[in-house]
Structures are given as structure tokens and as C-alpha cells.
Amino acid sequence: MGKITCLEEGFAEVQTLVSCCPRLEHFALKKLQKVAKELELKVKICKEWEELKIKEHELKEMIELKKEILDLKRHKELEETKCKREACEAHLHEELEEFKEKAELIGHAINPIEKIKRGFQEFKIHFEEKKEYYEKLAECHKPKFLIFSDCDSRVDPCKILNLELGEAIVVRNVGCLVAPYGQEGTCPSAHAAIEYAVNELKSHTKCDAIQSLMKAHHGEKSDFSEHFSNWLKIGEHTCKKVKEVHSSKSFEEQCTVCEKECVNLSMQNLLTYPFVKGAVAAKKVSIHAGYYDMHSCAFDHWTTIRNYH
């Protein structure tokens with residue numbers, strides 16, 4: 001509408017000039033040409049302006065589209081990065097657990113006492129879970145099996161046969177050997193275990209070798225064979241001394257003291273072996289004592305001889 005108005009105004013002006021003075025026709029023509037050129041320029045500018053506006057709109061749309069594409073790409077990259085991070089964390093967690101296991105094994109190899117402590121702590125959890133079973137077990141000892149096994153640390157008969165505590169008496173020695181009757185020597189360990197399992201456990205619910213030895217010092221008649229008695233003689237002097245020093249205590253209390261003193265005795269006897277004494281002196285091995293109370297699930301540990309007298 002603006003363009004037409006401009007053109008009409010230009011023609012009107014020329015017509016006015018011609019009508020006023022015919023001689024001015026040449027001038028009017030030039031004026032008209034000038035107006036036409038101005039009008040053409042204005043039309044061109046308007047057209048370019050419209051094109052620029054269209055381009056501006058297209059550019060804005062392109063920018064928005066590119067933003068959306070970039071957002072989608074960024075979101076996808078973030079998801080991929082998240083997945084990679086989670087996979088990496090899972091892998092690192094596995095490596096960390098594996099490293100912990102290796103470190104634990106190395107730590108236990110360096111400090112076996114920590115291995116024993118941790119093992120007992122885990123057993124204590126199991127004890128609490130099956131407390132009723134262990135309380136009955138503490139009151140009554142009636143194993144179904146007597147098993148002879150090699151002392152090889154890789155061969156644990158209770159684990160291999162899936163036996164619970166209280167189900168089997170296990171005698172372990174080098175080569176899993178049982179000597180013929182009367183040929184084991186002055187301290188017949190295997191014979192004592194066989195007699196203990198076959199004869200003693202049939203007639204007593206709360207039988208213990210140390211209790212049996214203490215009973216002999218309390219004047220009770222012993223039904224044990226000579227071989228069994230010879231084995232228990234290792235702790236005879238200790239039991240006698242406990243009875244003398246702790247005469248005011250009950251029989252059960254004396255037995256507890258005697259059990260701990262017999263552990264001390266075994267520690268001392270170990271040092272009578274020259275190769276053990278040499279290894280201890282060289283700090284290649286160390287001797288540790290432990291006492292387990294099956295009634296309270298308590299474990300006492302010591303490394304030097306304690307005096308319970």
C-alpha cells in the first residue's frame with residue numbers, strides 16, 4: 001500500500017508540473033525517472049528487509065533446533081558417562097574386595113592370632129544363632145563317630161564329612177596310623193582316644209579326660225585300662241598340685257583350673273623338643289595357649305605361662 005501511494009504521488013507531481021508548464025515536460029520526465037528510481041530502491045530495500053526477517057526467523061529456528069540436538073546429545077553422553085562410571089565403580093569394587101581378601105590373607109599370614117580372633121568371633125555369631133543346640137551339647141557328649149585322620153591341614157574330616165560339633169571324636173596324627181594294641185609306647189595317645197570313645201562316653205554324659213584324672217585324685221575308683229592311665233599320667237602331677245592348692249574349691253572349679261594348668265603344661269612340654277625350642281628362640285614360631293568354655297562361648301588366650309595355682 002505504501003509503495004503504490006509513493007508511485008501515485010510521483011505521477012501526481014509530474015502531471016502538475018506538465019499542466020502548469022508544457023515546456024517543463026522534459027524536466028518532469030527526469031523527475032519521474034528519479035521518483036521511479038527512488039521507488040525501485042525503496043522496493044528493493046523493503047524486499048531485502050523482508051528476506052532478512054525471514055532469514056532471521058529461520059536462523060532462530062535453526063538455533064533452537066541445534067540447542068535441542070545439543071541437549072539430546074549432552075543427555076545421551078551423560079547417560080553413557082553414568083553407565084561407564086557405574087561399570088567402572090562396580091569393577092573397582094570387585095578389585096577392592098579381591099584386594100581386601102588378598103590383604104586379609106597376607107595379614108593373617110603375618111599375624112595368625114588375628115586370624116584366630118576373627119575366626120572365633122564368627123563362630124560366636126554362629127553360637128548365638130544356635131544357642132539352644134550348643135547349650136545341650138555342653139551338658140551331654142554323645143558323639144556317633146570316632147574318626148582317625150591324617151594331620152595334614154588340607155584334610156579336615158569334619159568339614160569334608162559335614163559333621164557338626166559334638167558328632168565325632170577326631171584323632172589326627174602323622175600318616176593316620178593306629179598302632180596295634182600294646183605297641184604304641186609308654187604314652188599311647190591313640191589307644192587312650194579309642195578307649196575314651198568306646199568305653200567312657202557310653203557311661204557318662206559329661207565326661208572329660210581331665211575330670212577323669214581329677215576323680216582319681218579324689219579317691220574315686222578308676223575303670224580305665226593301664227594304657228589310658230599311662231596317657232593321662234602326663235597331667236597327673238599338675239592335677240595333684242591343683243587339688244592341694246585349691247582344696248577349698250568345688251570339684252568343678254578344680255577341674256577348670258586343672259584344664260588351664262594342663263594347657264600350660266603342654267606349652268612347657270613343647271619347649272622340651274629341641275627343634276621347637278630353636279624355632280622359638282629364632283622367632284620363627286611362637287607358642288600360644290587357648291581355652292574354650294563351651295557353656296559361655298568364651299575363649300581365653302595367652303602366650304606366656306600363667307600360674308593358676
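Placement of Cβ uses the backbone N, Cα and C atoms for every residue, glycine included.
Any TrEMBL annotation is an automated prediction that lacks curation.
As given in TrEMBL:
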type: COILED; residues: 55-98; note: coiled coil
type: BINDING; residues: Asp152, His204, Cys207; note: Zn(2+) binding site
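Within the same chain, no residue sitting at least 6 positions outside the coiled coil (55-98) brings its C-beta atom closer than 8 Å to a C-beta of that stretch. Around Asp152 (Zn(2+) binding site), a 10 Å sphere centred on its CB holds 11 further CB atoms from the protein chains shown. Over the coiled coil (55-98), the average per-residue pLDDT in this prediction is 88.
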